[in-house]
């Protein structure tokens, strides 16, 4: 059995990773204008709705063609300068604190509004945001003070899970740490969003799976229960991740025994049940568009002509695949702020070194898990693409729309667990240990200038 080179040494990597993440996250927290993270306004609405006791989104409007819930009416008023800037495509105010909106506090009239793209999410990954909002209301803070407190609490919650996950990893840790410290991921930790916990809880599930793998044994019942519970949290939030439900089965002591498949079947049932509930009671069509959308017609097209859909997949990955990779590494704002090109080269080097190191520290056992894991990760990619084609792309469109690079970060956290064992020369092994820190440390040198210049014009 291969062991980590530093198995007998103090394990500082989780703490260093946590410190680097906090430092980079604080840069994002301070530098990014309010509402200029992906869907940040609607995530804020969803958190405020939950803070009022409305745990689930609902269909609203006289004809029930909108989805959202009840929020404090002052919330929209407090962010008018930033909402107007986005609508008019003009630079956002350099600071809110000198504007009258900065003084607006909670306590406005209740309003029922449409935030359909976040109304469908379950409440649990919003708990840090809800805690910050409730605290802001109780302390009499302004809405903007509460907003930044919400960003901060989300960052701290994500870092706590990240550090815990990295401390629990036994194999595959370097790849996971490298992905977790990519600027795209860190920007989500420091946003009003559920995505930070979505990513880091995925890392926690991968970490628990790594322990029996590194010891070349089957997972215990307790380990499978924990992994299954964490995966359930992920799947209800992001149903396209459900192919990862195969992993508990592949870790079982007797995979051919009928009971071994029960966690997988349970995960599929929970995911399907939530999807059915949300799809019939919360979800509504996307906003008005000149294009024709129909999930039924799109699915019929896929089933009647799989080759045509295969061509759409190929065309999408050929034309847009590089963009997904760049977005997974470093994209901010409204998906329009990229770092200099050399940062992405550094990220590629970091991932390469991380893969080498995780193969070096991998064990040789459980080929079933590796094969199943590859199928699960590939299935997750296919399901992400297919769901976006069904739900977000016009019928018969030549490309799949609405895919973002960060969607692939969570399944990618499991890739380090799937590597075979190889040996590295000692110097390369030592060098590869620093792979997770290459991208965030070097990206931090250009981040303030890049963001400032982007929002100044």
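Including glycine, each Cβ sits where the backbone N, Cα and C put it.
Where the annotation comes from TrEMBL, it is an automatic prediction and has not been curated.
The following features are taken from TrEMBL:
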type	residues	note
TRANSMEM	12-36	transmembrane segment
TRANSMEM	124-140	transmembrane segment
TRANSMEM	152-169	transmembrane segment
TRANSMEM	189-209	transmembrane segment
TRANSMEM	218-236	transmembrane segment
TRANSMEM	256-278	transmembrane segment
TRANSMEM	299-317	transmembrane segment
TRANSMEM	337-356	transmembrane segment
TRANSMEM	368-390	transmembrane segment
TRANSMEM	396-419	transmembrane segment
TRANSMEM	431-456	transmembrane segment
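Beyond its flanks by at least six residues, the transmembrane segment (431-456) meets 5-6, 13, 16-17, 20-21, 23-24, 27-28, 31-33, 36, 91-92, 94, 174, 177-178, 180-183, 186, 329-330, 332-333, 336-340, 343, 346-347, 349-351, 353-354, 356-357, 360, 424 of its own chain at Cβ-Cβ distances under 8 Å.
With a cut-off of 8 Å between Cβ atoms, the residues of this chain six or more beyond the transmembrane segment (256-278) that come close are 120, 122, 224-225, 228, 231-232, 235-236, 239, 242, 245-246, 248-249. The stretch with the most CB contacts under 8 Å to the transmembrane segment (396-419), chosen from 12-36, 152-169, 189-209, 299-317, 368-390, is 368-390. Sequence-distant contacts of the transmembrane segment (189-209) (same chain, six or more residues past either end, CB-CB distance under 8 Å): 21, 25-26, 28-29, 32, 37-40, 43-44, 47, 121, 125-126, 128-129, 147, 150-152, 154-155, 157-159, 161-162, 164-166, 168-170, 172-173, 176, 180, 219, 223, 226-227, 230-231, 233-234, 237-238, 241, 247, 251, 369, 406, 409-411, 413-414, 416-417.
Per-stretch counts of Cβ pairs under 8 Å to the transmembrane segment (299-317) identify 368-390 as the leading one among 12-36, 152-169, 218-236, 368-390. When Cβ-Cβ distances under 8 Å to the transmembrane segment (152-169) are tallied for each of 12-36, 218-236, 368-390, the top count falls to 12-36.
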